[in-house]
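Listed features, source Swiss-Prot:
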BINDING   GLY169, ASP170, ARG171, GLN172, THR173, GLY174, LYS175, THR176  ATP binding site
SITE      SER373  site 'Required for activity'
Amino acid sequence: MQLNPSEISELIKSKIQNLQGASEVRTQGTVVSVTDGICRVHGLQDVMQGEMLEFPGNTFGMALNLERDSVGAVVLGEYEHISEGDIVKTTGRILEVPVGPELLGRVVNSLGQPIDGKGPINAKLTDKIEKVAPGVIWRQSVSQPVQTGLKCVDSMVPVGRGQRELIIGDRQTGKTAVAVDAIINQKGKGLFCVYVAIGQKASTIANVVRKLEEHGAMEYTIVVAAPASESAALQYLAPYAGCTMGEYFRDTGEDALIIYDDLTKQAWGYRQVSLLLRRPPGREAYPGDVFYLHSRLLERAARVSAAWVEKLSNGAIKGKTGSLTALPVIETQAGDVSAFVPTNVISITDGQIFLETDLFNAGIRPAINAGISVSRVGGAAQTKLIKKLGGGVRLALAQYRELAAFAQFASDLDEATRKQLERGRLVTELMKQPQYSPMSISEMAVTLYAADKGYFDDVEVKRALECEKAMIGYLKTNCADLMKTMESTADLSADSEKQLAAGIAAFKSSWV
């Protein structure tokens, strides 16, 4: 077989013409300086705000400052191996994290990578950490309750699905305890939970995870951890990553609860990053957009309509509304709620639960100040049963606080005032609750009904909780059907009320 040179050249030419080479255009630049996890990169022309950048050693960063001749980027993770002159490439993508039910029961970092030693997470989907909140048209009013299992919260500052309720107080006042109890109480209620721990000690986060595992709560919970040992950038990103994971459930017609513990540390992390990027400081050295930092995060918590769920699922899920409820935590310094970050978050949220050091030290736990704690939209979502019975509790506590201040100066009090003070002390005692022991609706209803109708009035204040426990135990044994009815209907009919009154009266006659 003889080869013809002209045929060979024609063959080569045709192969070259038909060559389909997938060319990839990527902008690249060089590192000019690297300090404290912040890199200045020169030569990146087509870079987006918030875009992921690829550094050597499979390390990623995020472009935050777009200047005329350089880009200020924050490194996500270790940065010791990055040096001046290294090549940095754009990716054309905004930062994404894995989402879906595969993450339930796992502990992940701010980038969605597992840190619990239980192997890789085989999530099928990823989503952007920065998303626009649903518009007004796509939202629905808050009308279904989130039962926290805490008497004082569910009766006086109720939380609804899709609400943002702030938990605010000094350090060591039980803020995390309220949030963790709320997660534990969601067992069997079809509510998925996301716990975002920001800037806490790793040992504290491990303790929370252990408690959730002990109470069987990890099976419906995702923990996003950005401990104090992590970089400021990862502490700043953690709430957005957790929110995206929670939004997956909201947008598939499910209900989710997210806890940010706490947003003060996130604001500190963002302040640190902003100052290192040489952004001009404002009040308390925070950057000018610290309000937007929290508002764009908390506005993503909402109750969305069935039309929104249908649109995002491309018509696969019909007739189901979804919700994402947020319980952000803010730590105050010496009770100063007029500081910059606390006032910002108070103005963004739909109410707040104030926890006070004085109450905590006096043994009133949860240390909730009922006078200044409010829920602006939760009242519409409160269960009928608790709404019907809880009104008297708030009134009794309000009158008690007013009289207690007056009684300090008055030596001789009339009988009516003395009774009211005694009743106030009793109700305050009954609002106490041990940690990790949330109550069901029916148990709460028994306490509220008995307190409202004066069944505890002849009980010593120090024995009130003992009496309450015995009463609930008695009714569970002897009036099991009534308790089941109250739990399932979440209402109290006239007939049920008669049975309840008879049951409590029978218990009181036997209790000493």
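Every residue, even glycine, has its Cβ placed from backbone N, Cα and C.
Using the Cβ center of GLY169, ASP170, ARG171, GLN172, THR173, GLY174, LYS175, THR176 for ATP, the list of other same-chain residues with Cβ within 8 Å runs, in sequence order, GLU331, LEU355, THR357, PHE360, ALA367. Geometry remark: ASP170 (ATP binding site) versus SER373 (site 'Required for activity'), CA distance 15 Å. Taken residue by residue with DSSP, GLY169 (ATP binding site) is part of a strand. Within 10 Å of the C-beta atom of THR176 (ATP binding site) sit 21 other C-beta atoms, taking all shown protein chains into account. In the three-state DSSP classification, GLY174 (ATP binding site) falls within coil. Least packed by the Cβ count within 10 Å, out of the recorded positions ASP170, GLN172, THR173, SER373, is GLN172. Set side by side, the binding-site residues GLY169, GLY174 differ in how many other CB atoms lie within 10 angstroms of their CB, and the most is found at GLY169.
Across the structure, GLN172 (ATP binding site) and SER373 (site 'Required for activity') are spaced 18 Å apart at their Cα atoms. In this structure, the binding-site residues under consideration are ARG171, LYS175, and the one with the smallest number of other Cβ atoms within 10 Å of its Cβ is ARG171. Mapped onto three states, the DSSP output places SER373 (site 'Required for activity') in coil.
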